[in-house]
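Submitted below is the structure of interest, expressed as structure tokens.
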């Protein structure tokens, strides 16, 4: 399937002013799609950048309000070919720990309203950004897509994980009961340009960049041995669109092949910024799963490109960070 698969199609993107959603908007518009960009929180600079694109229409919508979502679909649905669902309440480990109830409530309402509208208004296909965090118990081997709630389901007080699990179960049931053509993407840790630092919920890479660029030490929660796989946001978007183009699998892990410890990551961030190594470990803070290794067999079958190495992506991200935060 070539890039012109998206030319002339109308794609609705939720969370369009968010980190991942904004990259979907840009890539889809560049490939010839008409993009209906739904957002809730104002971000004036990004809004202006996206509004300047030829085929992007920004629409403020409260996805947690069913009447607001239905109103938007009633007006827009006749032209929608595809829905890309990126909107979610998210944050770092501390944010998820402190606001689990809010996250669960917000995310489960959002996905419920969206899938109901995809069904009721006859949208042809949808892709949902899920999470690799739903593999609650880290397996000894790489987690395959089948190693989810269907194989082992247990309670967790992590509202984010619960919300993503609920969303996947609901999507699966919509697929089975209503024939909804819905796909699920489970990313590793996503990073790249556009992921600004928010002290209250910032992800690991922008948090490290902010500290290192300011000449401060990087604080690592735990002993730094916990490992993650990272995926550049543009590679995530490309892989997700390829999944829609091929329709090969209902669920797919998306991540880089490299497994990097958080301590190694901190050293890499310091190096790309040209800063001396200043790192402090804090064993008393929440660290999440000790590892999150993903089976990438499906992804390797679907994509037609090579994801960029972490070091290369970090260098680009650091350049963006310095240009946009000074």
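All residue numbers here begin at 1 and follow the chain in the order shown.
Using the three backbone atoms N, Cα and C, a Cβ is placed for every residue, glycine included.
Swiss-Prot feature annotations, pasted as is:
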BINDING   15-21, 129-132, 164, 187-190  NADP(+) binding site
ACT_SITE  160  active site, proton donor/acceptor
SITE      164  site 'Lowers pKa of active site Tyr'
For the C-alpha pair, I'd like the distance in angstrom between residue 19 (NADP(+) binding site) and residue 164 (site 'Lowers pKa of active site Tyr'), rounded off.
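If we compare the Cα positions of residue 19 (NADP(+) binding site) and residue 164 (site 'Lowers pKa of active site Tyr'), the gap is 18 Å.
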Where the distance is taken from Cα to Cα, which of the binding-site residues 15, 17, 130, 132, 189 turns out closest to residue 164 (site 'Lowers pKa of active site Tyr')?
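Going through 15, 17, 130, 132, 189 one by one, the Cα closest to that of residue 164 (site 'Lowers pKa of active site Tyr') is 130.
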Report, as a single number, how many Cβ atoms besides its own are within 10 Å of the Cβ of residue 160 (active site, proton donor/acceptor).
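The Cβ of residue 160 (active site, proton donor/acceptor) has 24 Cβ neighbours within 10 Å.
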What does DSSP call residue 15 (NADP(+) binding site) in the simple three-state scheme?
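Once the DSSP labels are grouped into three classes, residue 15 (NADP(+) binding site) ends up as coil.
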In sequence order, which residues at least six apart in the same chain have a CB under 8 Å from the CB of residue 15 (NADP(+) binding site)?
21, 38, 39, 85, 86, 87, 88
What's the most sparsely packed of the binding-site residues 130, 132, 189, counting other C-beta atoms within 10 A?
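Minimum Cβ neighbour count within 10 Å, taken over the binding-site residues 130, 132, 189, occurs at 189.
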Could you measure between residue 130 (NADP(+) binding site) and residue 160 (active site, proton donor/acceptor) for me? Cα positions, answer in whole angstrom.
10
Most Cβ neighbours within 10 Å: which of the recorded positions 17, 19, 21, 164, 187 is it?
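By the 10 Å Cβ neighbour count, 164 comes out on top.
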